[in-house]
Amino acid sequence: MNKAQLVEAIADKLGGRQQAADAVDAVLDALVRAVVAGDRVSVTGFGSFEKVDRPARYARNPQTGERVRVKKTSVPRFRAGQGFKDLVSGSKKLPKNDIAVKKAPKGSLSGPPPTISKAAGKKAAAKKATGAAKKTTGAAKKTSAAAKKTTAKKTTGAAKTTAKKTTAKKSAAKTTTAAAKKTAAKKAPAKKATAKKAPAKKSTARKTTAKKATARKK
């Protein structure tokens, strides 16, 4: 049975072929969208549709026997319900004047709309947590870089200040030494002048002796 035959089979119950076609399209569209989003669609007495992730693996090419790597992928999967299995196996007989699939319990169709499965929710939360951790790490790296730059600037400034102070001290020491040398140089000629004056006293002494000698001769 294909889609057109399915529509023909339910057209009488839905009031016409167009209404049946619209109903089939609406059911299939809702089913496909839910499975693609990661939801599990369960129909009581019929089965469930769900999305299954297959990890990367190796397979054999049936024609050449060559080993081929198969990438990670997701596939839809249908699991038949127990009621459906019992009808197919023959353990239960199909009802003649009733619906083959067990009807949904009263009140089950008026509940809240289906939500995303827990697995999908966990994946989304994990992605958000990873993004937040990356942002935090980036901020920490920026802070460390800024701290390193600030420390380098302070160290360089301190080194420059120390160098300036040391240079100033050396300059002051040189100035003091030069002043001391100049003072010593100025004081030295005074000593020489004193030394020069000393012979004058000797000359006076000689003159006095000469005068005394002349007096004696007389």
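From the backbone N, Cα and C atoms, a Cβ is placed for every residue, glycine too.
Residues annotated as compositional bias 'Low complexity' in Swiss-Prot: 127-161, 173-182. What Swiss-Prot records for 162-172, 183-218 is compositional bias 'Basic residues'. The region 'Bacterial histone-like domain' annotation in Swiss-Prot covers 1-91. The region 'Disordered' annotation in Swiss-Prot covers 101-218. For 118-218, the entry in Swiss-Prot reads region 'Degenerate repeats region'.
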Within the predicted model, mean pLDDT of the region 'Bacterial histone-like domain' (1-91): 94
Helix, strand and coil counts within the region 'Bacterial histone-like domain' (1-91) (DSSP): 40 helix, 27 strand, 24 coil
